[in-house]
Each structure stands twice: as C-alpha cells, then as structure tokens.
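Following: one structure in structure tokens, then a few remarks.
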Amino acid sequence: MELHTIVDQLKKSIQSEHIKINEPLKKYTYTKTGGNADIYIMPTSYTEVQAALNIARQNDIPVTFLGNGSNIIIRDGGIRGIVISLLNLTKIRVHGHSITASSGAAIIDVSRIARDHHLTGLEFACGIPGSVGGAVFMNAGAYGGEIKDVIDHALVINHEGEIISLDNQALELDYRTSIIQKEHFVVLEASFKLAPGDIQSIQSQMDILTERRESKQPLEYPSCGSVFRRPPGHFAGKLIQDAQLQGHTIGGVQVSEKHAGFIVNVNEGTATDYENMIAHIQETVYKNSGIALETEVRIIGEPL
C-alpha cells in the first residue's frame, strides 16, 4: 500500500503536525546516526498509540517504537513502515510514596521529581539518559541500582492491542532484559514504589553519582552509552582496554580514550562505522581473551 494512503488513515486519529514522511532518524539518536523512517509519528495519548497500532496491523505494516534514542543504533538505510516516537507522552504523577510516569518521560526527570518529593530509591537513575519506557524495556541500571528494585507495575500494550498491567514479577526483569523485550510489548507507563527519605541525603547521593559519571564517561561526544553487556566476572571496558583498542578509530567513530566501553562519534560517523567497530572489538577481544562480548545496545533498521 502507498505511504500516503497509510498517512491519510493515521490523520484520522493523529494531528498532521505529528506525522512526518521520510523523516531523518539521526535527529533523534544519541549517536547522531541513522537513516530515514518511512513514516514517523508522535502520538500525544495512549489512545493515539493504540489507533496507530491498529492501522499498522490492518495494513500489515511493520511498527518500530522509539524512546529518546539513547541506547540504540539505527542503521543507515533507515526503518521501513511506521516509527512511533513516545516522546510526547511525558506525564509524571506523584501519589504518596509512588510515582507514575508515562513512557516518554526522561527517567532522569523522574529521579529529580522523586528527590523533590523527599522520595528515595531512584538516585541511581539520576544520570541514565533514557526514557521510562526504555528503562523498563531493558531494566536499566547504574551504580548498584536497577529498575527491578523500584518498579511496582507497568501498563503495556499486548499483542492483541489491549492495555494490560504487569506487576514487578510479571515483567520478568533481569540483567538488561524484560518480558517487554521478549514479547515485543509496548510500555505506556510505569509506577515506581519508593520510600520516604531526607532530601539532602538524596541530593548528596545524586551528586556523588553525577560526579562519578562525568569523570569516567565521555559525555562530550555523541555515543550510545554502554555498547556491550557485562560478561560474568569481567568488565567489557577492561577487556577492550587490554586488547589495546582504546582510541582505535574506524571511519568517524572511536573507542573512547576516556572509557573503553563507549564508542563515540568524533567525526560525522555513520551507523555502518559503529557496526564495523563493534564487530572489530568483538573479534579482537575474543582473540585476546577468549571472551565473547555481547551487545547491550540495540541495533535496528536496514543497511544501505
């Protein structure tokens, strides 16, 4: 079916200004790479998300969901079908010792609002550059904390297009994985169960973690964050460093000289450069240590 026909159907449920055709996705990724989306939409309600999914299902059109593009590499050929951005869904509500946040809200903002309401438990998330939906999707974590520790439940869209609630156990959260990944569900919102705390102590902990992050991570360059999962008993960055790859460059991307676990875009690098670098790192580290590195970053889309 022609794209304009799909767009006409989408316009019945979603405002025209929130629908784009042949949209460059590098505008929305932390790596500043990626090709174009056939159709890119930005729903402003859960009902609009459901409507878009129904249209895609009826027309057998593939759908890809994007949060804030922090831990993802979109290939240079872009993404076919409909890309649904959840970044217009940013509502955050505080009720007692709990916070409920829509999928597109920044997890950093949720941690700050928790602090402002004297609630402890989300300090670890004060520097995670991801959306709430992405954080649940991959059970995001840092400095000893993870989403699994604090999430009470999430509202998700299942395969039938129904909105259902999954509690902590049903989410099957584990190291950088969840039932959301396995079943390709869509997170609409998440509720976090926190505890009362002292605002000065909370801020102090956040300051410590922020200083640690800024001193160790190459925040001055575009990157996708941690590229590789942590191998049991090892650290990916140390293995890469031991393989003499720190500072190594392919095309416009480089293994960060500040933290070897990061690949930074130093000179208009492409997604192909990122993929080539990842493959080179995996091959070299395996030859050097016998350890196979697995990617943490999601790689999606079509090659050129």
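Cβ atoms are placed via backbone N, Cα and C, with glycine included.
If you look up Swiss-Prot, you'll see Arg176 (among others) marked as active site. Arg176 (active site) carries neither a helix nor a strand DSSP state and counts as coil.
For Ser226, the entry in Swiss-Prot reads active site, proton donor, with the evidence type sequence analysis. Other Cβ atoms within 10 Å of the Cβ of Ser226 (active site, proton donor) number 20 in total over all chains.
Per Swiss-Prot, the feature active site maps to Glu296 (among others); the stated evidence is sequence analysis. Glu296 (active site): 19 other CB atoms within 10 A of its CB, across all protein chains.
The domain 'FAD-binding PCMH-type' annotation in Swiss-Prot covers 33-197 and rests on sequence analysis.
Non-local contacts of Arg176 (active site) by the CB criterion (under 8 A, 6+ apart in sequence, same chain) comprise Met138, Asn139, Ala140, Gly141, Arg229, Glu296.
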